[in-house]
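Have a look at the structure below, then the notes.
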Amino acid sequence: MLQQEVLPITLSSEAEAKYPLLDRIEYPQDLRQLSPEELPQLCAEIRSFMLEALSVNPGHLGANLGAVEITVAMHYVFDTPQDRIVWDVGHQAYVHKILTGRKHAFHTLRKWGGLAGFPTPTESEYDTFSAGHASNSISAALGMAVATALKHEDRRVVAFIGDGAMSGGMAFEGLNNASSFPNNLLVILNDNNMSIDHNVGGLNKHMVNLLTNPTYNSMRYDMYRMLRKLHIVKEGQRKDLQRFNNRVKALLSGQSNFFDSFSIRYLGPTDGHDVVHLVQILQDIRDMKGPRLLHISTTKGKGYQPAEQDPTVWHAPGKFDPLTGKRVTAKSAAPKPPKYQDVFGHTLVELAGEDERIVAVTPAMPTGCSMTYMMEAYPNRSFDVGIAEEHAVTFSSGMATEGFIPVCNIYSTFMQRAYDQLIHDVALTNNHVVFCLDRAGLIGEDGATHQGAFDIAYLRTIPGMTICSPYDEVQLRHLLRSACFDWQGPVAIRYPRGEGSTIDWQQPMHTHPHGKARVLKEGQDLTFLSFGPIGHSVTKVVDRLQGEGYSVGHIDLVFAKPLDEACITHVLREAQNVITIEEGCLNGGVGSGILQLAMEHGLSPHIKCLGLPDEFIAHGTPQQQRQYCGLDEESMYQEAKQLLAHHN
């Protein structure tokens, strides 16, 4: 395919870069004052603006560099916010934010109190639907388009989805349903990897130009209306006509297309970096009747050579020097603890070396969860199933049925999508699947859509489910080994994102008794019951209180289900005050289970439960989020002092 030359990025070493066209734009109506010939220069300025901003305030870089032209074209052609744009996943919507009144706040992106990293309706009327998880845009946009038709409103609706998100089943459910109701939905498929459909030369370009031509489409629609009036075709036959049209198109172009089977009009593929041509195409198809899909081809990291050469690293590279392309890493003389993800990855390889029954499954997150180590060591026993959490869970259960030991790594926030499969396809038959819930607890800058807040609560309701969380990296190894070789049924091991606390983590693994807590310290005035790595902060609070003369105990629960009933009831009898602490929602969490246990045994010490409040926690650093939720060391200390003052 011939591609429009993208103007080079001009980076400035000065504190203030000059953006003559971008400086004139606050909202899309300002953008529409530019001539089409000025748009390539604007795109170059936007790339420079993003590079300079994201080099010091990290975010998702590669996907946004690849979506500059199409975002400019959409806001140039469509009357936003009257017309709706629904973003899938949403991490590629930075240009959208820049063009919709948030340019001057862009430096606050993903910061506490600043702009969210994803489209957020409470932030701007231009953000029509919340985004963060994949594959929901087509369904949401279809709902809007059908509602628009029912209200007889003059409004266009666009779903913007990447080829990765298109692999999710929900996207196909939306496509399959799109031709069932009257609507004018436009789906724009941003293909930067899969090459779903290949360009076959000049004929394809002429075919795109023909099929998007307004005169052709007006005649086509008039012909359809005439056939309806003459009762030659009925409304219910519209799908059949579209299928016939698609077959004729395939015959003429010499290629068939996967999307033709959905009875929606397929257009493309076309160059997603030729902004002038994109504007022309969108203007031509803007008022077409019925659902249609425009397929554009783009390059992740477009216009910035380091990002084009290594799109995986530059998806979210952290801080970097935009002039040299060198990533900035924090220098430390002292060795740092490893990430929990790397401990998981290396430990899984060790266990897989011991037992050929161990297989690894991930839904499109092998790098993020460090399952790449397993893929390199045992590629035939490692399975990346794409953005398909429901499938990942049931696929794992199927392998367990045949005697394998599946270790299925899914981010906590994405496991929500497979709740029915957990119950129906795993727990109901007590299949032995080990679920490693990465990014559990407060996630940081990705914010509300990605918090691992709910897994404890929703998993506790499932009969036969084991839920555990390590105090540190060494215990993660013990729990993973025990879950694979010693325990039965479904197991969930939850752990946070990022660094742990132990440098010497490569210690021999041993079996941890199922359902047993660890007594770290005993005390009579107050006892903390902590679940997971937050126990390290609790340990510091315990030491501080003991220094003030209090008798303070600390129990590492290890398990949220089953709870160590003997250990916990002993604490409830002996301690005057009890504080439960978890980095998960309070409703239905570990604290709720302990309160229920106290009630069942008729025990009534003074109990305070600390955890995440009944709200969606916004983006910021994990430390800021913990302070907000009262889970930082100082807040826990003050809660303990208040409890001791009133009940001691």
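Cβ from N, Cα, C; glycine included.
Curation plays no part in TrEMBL annotations; they are all automatic predictions.
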Thiamine diphosphate binding, same site as G132, H133, A134, G164, A165, N192, Y304, E389 - TrEMBL member from H91, H96, H346, H432: H91
Spatial neighbours of D163 (Mg(2+) binding site), counting only the binding-site residues H91, H133, E389 and Cα distances within 10 Å: none
Residues near N192 (thiamine diphosphate binding site) in space but at least six apart in sequence (CB under 8 A): A63, G66, G162, D163, G272, S297, T298, T299, K300
Among H91, G132, H133, A134, G164, A165, N192, Y304, E389, the record's thiamine diphosphate binders - longest CA distance, Å: 33
Those residues of the chain, 6+ apart, with a Cβ under 8 Å from that of H91 (thiamine diphosphate binding site): G59, H60, A63, N64, G117, F118
For G164 (thiamine diphosphate binding site): DSSP state (helix, strand, coil): coil
Reduced DSSP assignment, E389 (thiamine diphosphate binding site): helix
Neighbouring C-beta atoms (10 Å sphere around the C-beta of D163 (Mg(2+) binding site)): 17
